[in-house]
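Data block below; observations after.
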Amino acid sequence: ATTAPRIPSTRLALHHFDTSYSLHLGTLWPSVRAGLLCEQKYGALLNNFAAADHVPQELELLNATDFVSEAPQKAQQWQQGAAVGKAARGCQEGCGEDRTVIQAEMMTQAEMSPPLCASISSKIKCYTFPRGDITRFRPARPDALGLLDYYLMDAASLLPVLALNVQPGDFVLDLCAAPGGKTLALLQTGFCGHLAANDVSVSRTKRLYQILHSYVPREVRDTVSVTSYDGRDWDQVEGGTFHKVLVDVPCTTDRHSAMEEDNNIFHKRRTKERQMLPMLQLQLLMAGILAVKPGGEVVYSTCSLSPLQNECVVE
């Protein structure tokens with residue numbers, strides 16, 4: 001008897017994405033699909049703990065820019081553009097002086113609106129190359145004390161940290177912390193009164209320890225507690241004690257699933273695990289909510305486009 005050839009997990013993933021995301025994203029899907037299948041571009045998160053004052057100038061000479069510091073200006077431009085578009089639509093319904101009044105009101109509203117990213121920590125700096133520029137960053141280098149000058153990560157992974165908007169003295173929980181990029185970014189704010197970095201995987205937690213030792217001085221590491229609890233049970237460990245909680249849950253990791261066979265959740269033997277992801281994500285989000293103090297904030301994030309893993313879990 002012959003056995004049917006095994007279909008690569010990446011092909012199964014891409015077929016699933018084509019089927020579901022084309023319905024969800026419509027005409028946007030072809031360009032999003034191309035982005036998923038392109039070589040991954042990284043951002044360079046500057047390490048504020050390293051003696052690396054020369055690094056920003058070095059990266060700017062390569063035409064890289066700090067997307068975090070540019071965000072408020074771009075957000076304001078987007079607001080003004082949206083207001084002008086709305087004014088133009090309103091003008092189609094008005095006439096003469098009414099059009100001018102409508103447009104003036106819209107512009108004034110745009111100018112008065114605070115930038116969307118006004119609360120972003122100015123201490124976080126992440127350099128990226130422009131769209132279409134596939135230049136690669138050099139490997140990180142140690143300073144005189146052995147601390148590496150920057151951490152290479154997907155720049156989009158920084159967005160949940162920025163959204164968390166950590167304030168001075170905040171007690172922060174990173175519920176699913178490994179491999180550690182977001183934990184490191186949280187520390188770059190310089191605001192964490194205490195940071196609890198948890199991940200259920202002991203092997204991935206070891207990677208988290210390595211990152212902390214490579215980028216963070218001991219006196220700052222002492223403010224971080226690293227644990228390997230099942231995040232779903234966190235409320236039984238330290239319920240209601242944190243000002244901010246980041247719940248960056250396990251997910252289908254779309255880019256990895258479409259590009260890499262290793263540890264691919266679309267492997268047929270992991271079908272049930274994949275189907276149970278939304279339930280796991282919901283349980284982790286509930287644990288994050290129970291871990292936060294009254295009046296605190298929780299940010300939920302994935303690296304998937306799936307509505308079942310995003311909107312449906314939150315709603």
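Glycine residues also receive a Cβ, built from the backbone N, Cα and C atoms like all the rest.
Record features, source TrEMBL:
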type	residues	note
ACT_SITE	Cys303	active site, nucleophile
BINDING	Cys176, Ala177, Ala178, Pro179, Gly180, Gly181, Lys182, Asp199, Asp230, Asp248	S-adenosyl-L-methionine binding site
DOMAIN	67-315	domain 'SAM-dependent MTase RsmB/NOP-type'
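Largest Cα-Cα distance over the residues recorded as binding S-adenosyl-L-methionine, namely Cys176, Ala177, Ala178, Pro179, Gly180, Gly181, Lys182, Asp199, Asp230, Asp248, equals 20 Å. In the structure shown, the C-beta of Ala178 has more C-beta neighbours within 10 angstroms than that of any other entry among the recorded positions Cys176, Ala178, Cys303. Taking the C-alpha atom of Cys303 (active site, nucleophile) as reference, the shortest distance to any of the binding-site residues Gly180, Lys182, Asp230 belongs to Lys182. The Cβ of Asp230 (S-adenosyl-L-methionine binding site) has 14 neighbouring Cβ atoms from other residues within 10 Å, across all protein chains displayed. Within 10 Å of the C-beta of Lys182 (S-adenosyl-L-methionine binding site) we count 25 further C-beta atoms, all protein chains included.
Summarising the environment of Gly180 (S-adenosyl-L-methionine binding site), the number of other Cβ atoms within 10 Å of its Cβ, over all protein chains shown, is 25. Across all of the domain 'SAM-dependent MTase RsmB/NOP-type' (67-315), the predicted model scores a mean pLDDT of 87.
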